[in-house]
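Q: Structure provided below as structure tokens; questions to follow.
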Amino acid sequence: MEDTSPQAVAEKAAKDPKAAKDLKDDAAAATKSFPDHFSREGDDQMDFEGVIFSSSPVLDLSQRGLRHLGKFFKIPNLQQLHLQRNLLREIPEDFFQLLPNLTWLDLRYNKIKVLPSGIGSHKHLKTLLLERNPIKMLPVELGQVTTLTALNLRHCPLEFPPRLIVQKGLVAILTFLRICSVEKAFPGDELLPEVSAPKMGSNDLQYPVLPLPRKGSPSENSLNDPDQEKEKADFFPPMERLDLSELRKSNAASEIWPSKEEIRRFWKLRQEIVENEQVEIQEKKLLAVELPPNLKAALNVKEKKHRKPWPAVRKRSTSFKGILPNLPSGYQNTVHANRMEDTHKAALQELQEKETVLEQRRRDKRALQEWREQTQHMRTRRELSKLQPPHSNMMASKIPFATDLTDYEKMPVSPFGKVKPSGEGTAQRPIEISASPLAELEDKIKRHTQQIRTRSFLGTNPMQDIKTANQDLETTKKLQEELRKLKVEMTLNKDHPFPSFTGNLSLHPPASQPQNIFFNTKS
């Protein structure tokens, strides 16, 4: 039976590279699809052990039912490891040392309660996902992972760091863990050696949280008291873990603090941090308002030497700027009112100009319409005047038969003011009456026909042209009707001649001739 232990596989791979390559391919295929017996219920000792040879930088072991992670051998190429939705309860201590190039670790939906402290030595880890794990404390070594850019702690019952720190984000969590790491490296019963503190930037003090001071202030004479030394140790900024095995302990207080200026600077920075924290949490007071008595006594001597007199400052009058609302000045009100008035005037002027233009357009349109109507009316009157016969002829044509046409202006007048009838006119006028209507009617028809032929329709006003054509048609119909009636009358006159229209002299004596009753002036 072939030996499949890790040592045998490694020796075989060293002797036969081709066989090692086949083994790597088989192992990679095996890791991509693990059998279901890894997730058997009741087998609490089931783990995942063995050598994994894979050229791929990604390994997905999610939803495999894994309960324990055995000894992972070195996989230098692995960068992403997915272990979500398993039954893992713990991570091996040397897990992160065996995966030096790991950048992504997904441990969501497991049962992990503690992370190994070896995570602090990792140099490439960027993303750590711990969602839905019953983890309560993060290791302080996690603060040393400077490459970490994403940390998922959703639905984790964390007690350390506090919830306030977790809510502030990754930077606050790492800073808090670094501070706790420094406190763990320098316990309270030991004295801090003389070490020059590194320079701190504003980013390093972004979200620090400091422990509460202990009750009871130390006495000024007991400089080497353990509580006092621990209080002084709290003032140190976060720093990397230092190798202090070769340094000796010192009982002098001057060795604990590098200089008085640094003490003041550190205390000032901490006071600023505390003030920022007190804005959000008013009920908790993290630091005392004043310096401890021993530090105050050490700084008073130097302050007295370098103290300078304050320059005389003129006392300013009480300002009501914060009490009263910001009211605009009178000048600003005037400028604003003038500006609004100018804007209003400009708008009114523009509106008036528009109204003037519109009114002028309406006037021009009305004048043009009136001119067109007047021109059309004059043209109609001119046409009607051409069609109408003279006034005297019209009156003669409308006089009924048996009516004597007498020119009253030319008739002689008797001395008594009465008109004398002329005998010659009454004898010749019936012949003229019978001939003049037909001639006048023929003249009318000729003039109307000639006018229709000479008229030219320009097409500029179609409605007017149609109206004129209808009038011409009506006039033509009237003339035709008059001609028909005149012909009928002439026919009747030929069949029944009257003595008054013959023009012949009557055989009866003058006394028996019929007289015109309209011109009989005798009584």
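Yeah, the Cβs are placed from backbone N, Cα and C, and that goes for glycine too.
The model shown is predicted, which means the values in this text are computed figures rather than measured ones.
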Q: From the ranges 1-26, 261-286, 313-338, 469-494, pick the one that Swiss-Prot records as region 'Disordered'.
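A: Per Swiss-Prot, the stretch marked region 'Disordered' is 1-26.
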Q: Looking at 399-430, 431-462, 463-494, which stretch does Swiss-Prot describe as coiled coil?
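A: In Swiss-Prot, the coiled coil feature sits at 463-494.
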Q: What residues in the same chain, six or more past the boundaries of the coiled coil (463-494), come closer than 8 Å to it by Cβ-Cβ distance?
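A: Those are 376, 380, 383, 387, 434, 437-438, 441, 444-445, 448, 452, 455, 457, 501, in sequence order.
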